[in-house]
Amino acid sequence: MAARKEGECCEDLRRERAKCSFNKEELTHLMDGGKDKTLHRRRIEDIFLADPEFLDPIRPEYMSHEERYDNELRKACHMVRKFNENEDIQQLVGEMEGIRSLMGSGLGVALTKDGNPLALHFVMFLPAILGQGTVEQQGYWMSRAWTGEIIGTYAQTELGHGTFLRGLETTATYDPNTQEFIIHSPTITATKWWPGGLGKTVNYAVVMAQLYTQGKCHGVHPFIVLIRDEETHQSMPGVTVGEIGPRLGMNTNDNGFLRFNQYRIPRTNMLMKHSQVLKDGTYVKPANDKLSYGTMVFVRVAICFDAHRQLQRAVTIATRYSAVRHQSELVPGEPEPQILEYQTQQYKLLPQIATVYGIMFAANDVWNTYNEVTENISQGNLAYLPELHALSCGLKALSSTDATNGVDVCRLACGGHGYLATSNLPRIFTTTTAAITYEGENTVMWLQVARYLIKSYHDAQKGHRLQQSVSYLTTQSASAHATADLSNTALVAAYKQAVSVMVSNAAAHLQDHINKGAVFEKAWNSCSVYLVKCAQAHARYYTCEKFVDGVNRAELSEGTHTVLLRLCRLYLIYHITINQGDFLRCGALTGGDISSLEEEMADILAALRPDAVSLVDSFDIHDRVLDSTLGSWDGNVYQRLYNEALKSPMNQTDVPQGYYKYLRPLMKANL
């Protein structure tokens, strides 16, 4: 841990760390996936964080929009060069997942703050080519893209359509005479909108467009499109491209817009791993129209890990600050206590620490499932693909929502100081909340999960065997009675019963609407609020189950296992208490059970309180990654706040120009 700190800590944090009842390194290794991976990560961090090229000349908040973009582009390009030129770094970082993490929300947030202009090149452009290109296409495009010879993005979302892919308006019409596709934006709403890096950085894009050949539309397909000249970087004739302007956050990135006017590309620029257009225009359809799910699943699972890292950072900042901040009188006449002594503060922060582990265990399980299903797909077995799609949709929605809400709770828990840009909590929030929308807006994700649940429920009614994640939807599970005890196993069973009854009720509501004459689609819309609740309950049950399983399987010392078990228990109880109506209505728990759990939660908060700072220390986040005046390892909050205020450009002169231009004339007007 010594390599992660930057100086001696204050007395408050020294006392907090002396209370630690567990082995912090054990939890760090658990988070990283093993001791070797912890050492591996630290070596990468040390190499990059020691490089002065990644330092900012001034805080990004004091830069103009263009200056912020230019500064982050400088660092991003340096990162790629550093990777390409150093074999040791290449071995340390590894292949796709390593470079994605480096460019994403792990170490990347310390190096390129809240928006990396090259991020989508590695996070979306390269995976799209790998997942949807033929071997020949991968060989040509990947070799150029991996080294940075060409830079790309992924252009799917349009002004008029986002998650609803079938509604995309950009067209790709095949011309057999020239063996070219004509890419066109027929309406203003067909304008590609939002892709990161598109505004000024990239010269290529994987463009999703409606494929037309031989007079027939075959739906949305991916095409690699040159949008800027490889030598001059000027936009190509027939291409209109630019930057969309300031956003709520991530303004160091250059999110862009893109329009085409009868723009031609070679036939071979269509990514043809799953479907093809032959030279004469014949369309060869894929073996299964869901084969392209692989790239989406990869990205959505990656979002879960990103959300988990952002919440780690926020709760580390808020917990350390809460141990340093003294406020009010808990007992009249006694010294002001640390605000972490207040149960209300513990209730805000400790469930967020537990949520970090809940997301981690569930995301690890989905990631392992993804790898298994990918192997099955390569062998022609597509049976598990629908379940994987539903799991990735549900966990993406759950983790991004939980992390966003959790980050904001952490910001609010820091009072006024949490509103300061130097706390880094506003930037963490704006970065995290974006994940609720991109790569599948969460309401749409929930409804896709609900569709899978309803289908599985009907399959169960027909006696069909269900996949593991929805096996509880059998008639036997749905009619289970509440258990007498309140063990972790019993609470997971209560979650299971609650969601099972909710899905059964949703299916009945749907059928009732249909029986009254509504078409299925109208009936679905009429039940959609409750269907979303079903999907959310399913994702929460899945996360609780994986949390409990993960804790039971973890090989830890007694003290470490005890504290992790408390976090798991807190997670189970916390989400029961805030959703208690679901458990009471289905009979999974009684009012007396809820009261007992609320009392137990108070005891758990008190038991976890002495370990709070050590728990966030075990996340092992370097001060440069936290980038916070409130959350640094040493706890020197007030001096850091004051020092950062002195750096404001407005404080470099005593009297501002505005005084002479506006204020003085007003003040002296009557003299």
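Just so you know, glycine gets a Cβ as well, placed from its N, Cα and C.
Note that the structure is predicted; figures quoted are calculated from it, not measured.
Noted in TrEMBL for the protein shown:
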{"type": "DOMAIN", "residues": "23-151", "note": "domain 'Acyl-coenzyme A oxidase N-terminal'"}
{"type": "BINDING", "residues": "THR157, GLY196", "note": "FAD binding site"}
{"type": "DOMAIN", "residues": "293-454", "note": "domain 'Acyl-CoA oxidase C-alpha1'"}
{"type": "ACT_SITE", "residues": "GLU439", "note": "active site, proton acceptor"}
{"type": "DOMAIN", "residues": "490-668", "note": "domain 'Acyl-CoA oxidase C-terminal'"}
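Here the Cβ of GLY196 (FAD binding site) has 24 other Cβ atoms within 10 Å, regardless of which shown protein chain they belong to. Note: the Cα of GLU439 (active site, proton acceptor) and the Cα of THR157 (FAD binding site) are spaced 9 Å from each other.
Counting every protein chain shown, the number of other Cβ atoms lying within 10 Å of the Cβ of THR157 (FAD binding site) is 20. Mean predicted confidence for the domain 'Acyl-CoA oxidase C-alpha1' (293-454): the pLDDT average there is 93. Shown for the domain 'Acyl-coenzyme A oxidase N-terminal' (23-151): DSSP residue counts in helix, strand and coil, namely 97 helix, 0 strand, 32 coil.
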